[in-house]
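Asks: Here's a structure for you.
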Amino acid sequence: MFPMVTGFMSYGQQTIRAARYIGQSFIITLSHTNRLPITIHYPYEKSITSERFRGRIHFEFDKCIACEVCVRVCPIDLPLVDWRFEKDIKRKQLLNYSIDFGVCIFCGNCVEYCPTNCLSMTEEYELSTYDRHELNYNQIALSRLPISIMGDYTIQTIRNSTQSKIDEEKSWNSRTITDY
């Protein structure tokens with residue numbers, strides 16, 4: 001009779017333990033009902049990128065000295081740099097610079113080691129196309145700023161607000177106070 005009682009007690013303990021686990025899981029599930037959704041509706045809402053986000057590379061043709069440091073530090077030797085040596089000025093002249101973003105791993109080494117800071121990472125991450133050859137950007141395509149930066153409402157608002165402050169200061173300084 002004694003083993004039968006211990007069997008019922010262990011069965012009862014297992015039942016209570018299972019009910020406790022189910023109750024804890026149910027509480028966790030119900031706690032998520034008050035939270036806002038984490039996902040966003042992508043085409044209509046854009047996610048805000050972090051400060052250190054590594055997106056498409058921006059290239060400034062005038063700053064580049066054709067030193068090819070970016071090619072040497074790239075793990076896949078990706079940037080293609082074409083240049084010629086100008087004997088009259090004794091310097092390299094950059095002819096063409098291109099990066100294939102279909103192959104690029106966005107490691108950021110080229111940006112980090114560039115001595116003239118002619119390369120920078122943008123926040124642009126929408127690089128999808130139907131043709132992989134469209135991902136090969138030359139110096140003209142690389143020099144374009146992303147649309148998000150050019151058409152950003154906050155940047156325009158900041159520009160306008162600083163301009164209006166300057167105009168207010170000019171008008172305030174130009175006033176003369178006369179006592180009657």
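Glycine too: its Cβ is placed from the backbone N, Cα and C atoms.
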Asks: Figure out which of CYS74, CYS118 sits with CYS104, CYS107, CYS110 in the [4Fe-4S] cluster 2 site per Swiss-Prot.
Replies: CYS74
Asks: Compute the average pLDDT of the predicted model within the domain '4Fe-4S ferredoxin-type 2' (95-124).
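Replies: Average per-residue pLDDT within the domain '4Fe-4S ferredoxin-type 2' (95-124): 94.
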Asks: Can you tell which of the binding-site residues (CYS67, CYS70, CYS107, CYS110) has the fewest other C-beta atoms within 10 angstroms of its C-beta?
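Replies: The binding-site residues CYS67, CYS70, CYS107, CYS110 were compared, and CYS107 has the fewest Cβ atoms within 10 Å.
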Asks: Using all protein chains in view, find how many other C-beta atoms are within 10 Å of the C-beta of CYS64 ([4Fe-4S] cluster 1 binding site).
Replies: 20
Asks: Just the number: how many Å between the Cα atoms of CYS114 ([4Fe-4S] cluster 1 binding site) and CYS74 ([4Fe-4S] cluster 2 binding site)?
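Replies: Between the Cα atoms of CYS114 ([4Fe-4S] cluster 1 binding site) and CYS74 ([4Fe-4S] cluster 2 binding site), the distance comes to 11 Å.
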Asks: Across all chains shown, how many C-beta atoms besides its own are within 10 angstroms of the C-beta of CYS114 ([4Fe-4S] cluster 1 binding site)?
Replies: 20
